[in-house]
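Visitor: Okay, here's the structure, questions in a sec.
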């Protein structure tokens, strides 16, 4: 039987682009594991993606996951848009390269061994786990230590 895991995620960017961070909280039964990291120059969408990626990549066995994000970009992208992006060779409907393709591909790989149900929660609306992830993300953004090597200025 697979483990039932809840994941909560959030990304933050101080300026967009600017210093950014992600926060994630993994919960299995009574155990919780917070994750966060800060990047010197990135975007809010990249940090939202990184939160989900980091959390999923932390799981060591196949799991049934409920992943809660306040990012419609992440939820819509992974449940809907990604199918056509892949069919078109990672191009949008108007034949432009998909933004953040490095992270979309990494997220696509990260979900393969798990059963993931994506849930959207309204950000900054008092959802306790989302608020905790927001605090982790903002703290990480305020003290960035990493380079987002995939970030490309437009």
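Cβ atoms are placed via backbone N, Cα and C, with glycine included.
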Visitor: Report the candidate from 10, 94, 102, 108 that shares the Mg(2+) 1 site with 48, 70, as recorded in Swiss-Prot.
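Guide: Looking at 10, 94, 102, 108, the one Swiss-Prot places in the Mg(2+) 1 site next to 48, 70 is 10.
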Visitor: Name the one residue among 10, 48, 70 whose Cα is closest in three-dimensional space to that of residue 134 (Mg(2+) 2 binding site); these are the binding-site residues.
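Guide: Spatially nearest to residue 134 (Mg(2+) 2 binding site) by Cα position is 10.
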Visitor: Can you give me the residues near the recorded Mg(2+) 1 site, meaning same chain, not 10, 48, 70 themselves, Cβ no more than 8 Å from the center of the site's Cβ atoms?
Guide: 9, 11, 12, 47, 51, 69, 71, 74, 123, 130, 133, 134, 137
Visitor: In the structure shown, with every protein chain counted, which of the binding-site residues 10, 48, 70 has the densest set of Cβ atoms within 10 angstroms of its Cβ?
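Guide: Per the Cβ count, the most surrounded site is 10.
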Visitor: Could you please provide the mean pLDDT value for the domain 'RNase H type-1' (1-142)?
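Guide: Here the mean pLDDT over the domain 'RNase H type-1' (1-142) amounts to 97.
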